[in-house]
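The Mn(2+) 1 binding site feature in TrEMBL is assigned to E:35, E:69, E:150, E:183. Residues or ranges marked as Ca(2+) binding site by TrEMBL: E:57, E:223. TrEMBL lists E:66 with the feature Mn(2+) 2 binding site.
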């Protein structure tokens, strides 16, 4: 359950309104790196949290803070739109074609749809789409998603910081960048608490002897022959989880050439596709088994 | 530039076709945790890669492998749809209402739109949307996005593994789970090479003295008064990056109550909204400055 | 700025978990009639509010309450998924084909993507899309949008109430239905305060003498000849705003047959489309003016 | 079934083509306040209409008129694109960088995808998405949706009117604004016929004694302590429907702190999340009942 | 401008209502192969039509017919939902778990959102998205798009025909399949009028000597070495347009290995990515030119 | 399974970087006419291919080539963004307002989200949506979809060619236009192999005597009375498939006026909609049958 305060978490001040900057700020509201996303991501992770209560609490605490960040940014957009070209007198616009040009770069919906206010969209006017809310039910996977969100969010905030000379906007962004620092740190802290990057692959509850371990630590190079695959921490030596040894191998097919059954009559493919009929379908099943079995026997071909 | 091989990377075999499992497999093709996403994410990261060439090469190598994973899964969907209820004789369907019920659980587009083949959609039939392709231009942010993708992808694959008893499908999933292990490991290896989780906040190229450092390592609790905030690695002690000390504080407003200017006449709000007019707008600007300045003076209130 | 309470606004209790009902409840979370929509709609209206402060405050108060409604519903989904078919032992599923059938009706992402928790999607798994957040900058238009949201939301809640026999779920819905009652009432109260349904057309700040008043109160019937148009409060008598008199008229064209200029060469239409060339373009402009002028002279035709 | 007339409903004339205005007009075609939306909304409401025939007829009449409004606007877009920068000679563009700048503000798809014609998108190029078609099966809810659509549509049309000096475009908009006046009036007339704003909450077929009436007319303030909630028609006095009395109350939790069962093994959460196991699940059910029961006993806490 | 008739274009009759079939029919309403798409596609092509008037008229004629097809299908959905499980008495549902299972396969929004009526969505509940409206401004490209729409539409209709035993539904589909026959034929007739499949490549207004003609009729095989590329009409002999001769060649790179400049400082990549700095950027430009020039000199490599 | 080559299929060179052209090029990457679409369309058609193997092989060959086209375009976008306004020194931007204006026309996400690299979006920043991947299971329908894709793709490429003076970009486009020529030709070649445009309507496996043949070759004019329908190859003479004769007829209703049953009580329509109750529902069924039967008897009305 939630409460609100009329005051903002941090001061929002715009010294020189800029409708172009208003458009840019939208990315931090409704973009995939933005605040609506983290707000919903942390809250949905909390609401579905199964496991130690403290992580649920942690997610709820920060998810709630993020609602206030959307509020700050929406306020900043509204303030940047005050005094914008669409609100200046027509004579000015006619006398100065520059104004019209800038107007062309403004988000049209900032005037047409909201009368000078923010929308839950990104800088291109693409509405926020909640499929970006990652909440997998696996806490480690979710923590990496959260670090990603705060890392891309902080990158975005520093780019916005570079785009403006407005002291008020720079001050607000200094605050948001610092909060992104903390939020990166806190999700990394949870990762550390839960075993860090050296733990078993995520999810650690799946017994590794059920995966095909002969390819669990193999770097497959898909380059054409004669090109050296890139080397680094991933190409040789012990794996990070200490459970295997990295090797590098050129990719070669381990599977068959797929053969699907002919189309079923009710699906109304072209008759030219259906020469096999039912007997073809049966034949196909036979082939498929033979292919699968025979696969180890077939001569090595591929790119070499 | 790309080449292909007619054979699959690993054998795909379906012993007992199941249209319901075909529907589930779609999540691994077109879901946010799926293979279309990682394929496009790694390739777009590679194509926009600025910096050491070896990371570009690494991304290209693995992005190319992922195309073949989509191929394996699309083949598995098509094979699971062979012998499905929509293809059995009508009499059977009439005699056995169960078949009709199962048919109801099938993805309708697997028959109606493709004639028994895969679509680039998730298990609910939501088409893949390329806004899920994260390529930020910051390699650390991207690597965390990649670990996230492989972690949620492996979680998904293990859940699919639990849902089927089909030996062929289990074998294919054993392969894909192992590849997800390697891909998690390799992106973590890049993170380690670039300084690991103990490095500066991402992006490390932004000078931290430009952020509002007094809140860079502060955990803000947004709980109502009287509730203890959750404690852990994030709540006290040195920060992970070694640049600060974690503290915990109850959230209190540091900003003003926002006051926007009245609507501009051309925006055609209701007249009841526009009592202030132009003088109001001027007054607003004055207020805003006063508010911002006076903010430090205002008595502490909030929730307490 | 926002705070939260660990306790829910109202008790959420599930006596007999039902994954099918979990799927249905998603409509109240992420559907167009759902709670994410009203939460974001009221908050964005508040954050962009220009005009009397009390309406901004009112929107903020209720927008904040709605976050807690999402929380209640997300909790209800998670609880309905406990004990669901995907979590029962495999033997049971094999022995009882009914379980498999029901499993087919479950939202697959409730298992595959979240491990038994809610998503920000509707009952068909379509992610919430923030273009549904209406915040026009005109307070009357917004209030009608809000009444609509609460009216369709209450209709949805009563339908969910009919679909379940679970006492816990019925109790939670009784609460939500009552809140929808209040929220309908409160937005209607704002409409009444601002002049009610008898006021000028929205927006009331546009001078009506600038609209083409000869068609401002005319009901145009688009039926084929010989069919009586429907009659009611809208077809004759004084208009609701008292500014006009309703009349009914058969639709007849008042405009020209449009003639567009030929394609520009750079647009690479087929050559067969471009016989006119530049002279055609000039001719077109002439035609267009003649058409517009001549329109009043042309004999009445149309459908009669 | 439908027929068409080659002539437009009203004259569309463009005196000075403007690709920027063409872009703006798209909001009235494919925006959420636009004509595709009302066309489809009224027609789908009509096609699913259950109840008095006259409302079905009314919806069909006006839905049909709206198709012609899309036609007018699409024609206006095409005419505004004639003579646009992309069609002027290259020399001009080079000599006058202003042209290039304006070109930058044009909708690129107006040239690239259509060769100078309208698209079913909004002013930002976001395609129309049919989830905006509200047709709830409850006629009152639908009528409020229709008033909303015409109110936001008329606000949009008046803003477009302010953005242009073109006499032809202003004349067309005068017509469309007048039609929006009539359509607002006619849907309000249906609301009046069906009982007006003083009727029972929508849907009026749900017995109010089944809702939790103690909160049906209560305004919950979610403000932090010490802040006065906004007062108005909604905060005290008789409710609009005459069935209750408005009261105002500070929000306090009436529900429990939610406790979900531990993750099921098949969902492959991290092992650190699964300490409870099956016994934990059982324990959880017990807890939940106790919590629900004990809720009335627990001491009041919260924000106070 | 448009008119309507209360009667349907063809009789819609449902003998045995089926909510599952109602769900399937949605694909023909709001699916990518459905009627909303063709309706909007033909009308937008007509409204943007530049060139011979008769094609504009033709598109308008058929676009108008399609509105009536949506009406027929929406009516069929509503009729199939009458008598559906959600409307049967609760006792029946409890006594017969089959009903509940079938209910699970129903489109939930058919009850929750519309109260038993059609939506503008496909069979999976994905809303129609107007980006599927192809109107390129090139009449030949558009005619192929129209043939595609009618071909996939007729395939869909025949599949729906196979899924139902209801005489009324079969009769309606017989009508729609026949109309799809005619519409395929008529768009093919326009293609024939405009030169048929033997004409110049679309668009025929682009001078072919400006394209890189050495690869205009070359089939590139992307197979690994040693695999025979598929042969057919496309692999040798004269091209269809009579302007060239088909040849088949193994794909080899004709371009350089791309080298992008290092990141700009304002973009805040990781410092590890930015070793090159400004001098690196200059060096990069030099390299790029050298690469492009040197490309012809480099030894043949690739897959062999 | 797939391999890659570090070199591009064809040289990509940018002589004068232009962020505006970078924005335009996005249409060829992620637009509906773009390369992501054809890549995925051909590959999904191949992976679901049932019927002669050579068509599967053909689709796989070309689908693989298209991945390399995305790579070329993504490289071209990244190169066009080098030296762009966002990367020039601030002083320059201030001194030259033109730069700011151009910056306004740039895709903001090219800086904010990617740090100067391509995204999988169109020129308006709308993310690619995989519902555009047509793979119907009917090879003729798919081939027409492929011709459409290559035709609209070539139209787009020629328009991009017209928009740039950059020699490098013109050279790259010359290559892509030529490839579009070949790909159009090859899909037309498959159509010819399978019977060409003179074959039976698609799908040719549906027996035409099951469709309502009396309207299979009839052009219905939906114009109001007195307007001559357009004449051409489609309006008279033998049909293209040789199975019928084209005729032209004015559209008249062949169906009933639809009457739906009253709302079910559980759907909570307004009480004013539910006068009929259960008896009404029964009456409705009766009416519907009578209407359907009586339809042939009813006097001719309609528009005349």
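Each Cβ is built from the backbone N, Cα and C atoms, and glycine gets one as well.
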Tertiary neighbours of residue E:150 (Mn(2+) 1 binding site) (same chain, Cβ under 8 Å, six or more apart): E:38, E:180, E:183, E:184, E:187
Residue E:35 (Mn(2+) 1 binding site) and residue E:57 (Ca(2+) binding site), Cα-Cα, nearest whole angstrom: 19
Cα-Cα distance linking residue E:223 (Ca(2+) binding site) and residue E:66 (Mn(2+) 2 binding site), given in Å to the nearest integer: 44
Helix, strand or coil at residue E:223 (Ca(2+) binding site) [DSSP, three-state]: strand
Remaining residues near the recorded Mn(2+) 1 site, that is with C-beta within 8 Å of the centroid of the site residues E:35, E:69, E:150, E:183: E:38, E:62, E:65, E:66, E:149, E:153, E:176, E:179, E:180
Chain-internal residues, separated by at least six, CB under 8 A from residue E:69 (Mn(2+) 1 binding site): E:9, E:35, E:39, E:176, E:179
Proximal to chain F - binding-site residues among E:35, E:57, E:183, E:223, CB under 8 Å: E:57, E:223
Around the Cβ of residue E:183 (Mn(2+) 1 binding site), the count of other Cβ atoms that are within 10 Å: 25
Distant-in-sequence Cβ neighbours of residue E:223 (Ca(2+) binding site), under 8 Å, six or more positions away: E:229, E:250
Near-B candidates in E:69, E:150, E:223, the binding-site residues, by Cβ under 8 Å: E:223
Secondary-structure category, per DSSP, in which residue E:183 (Mn(2+) 1 binding site) falls: helix
Local backbone state of residue E:150 (Mn(2+) 1 binding site), from DSSP in three classes: helix
Neighbour tally for residue E:66 (Mn(2+) 2 binding site), based on other Cβ positions within 10 Å of its Cβ: 25
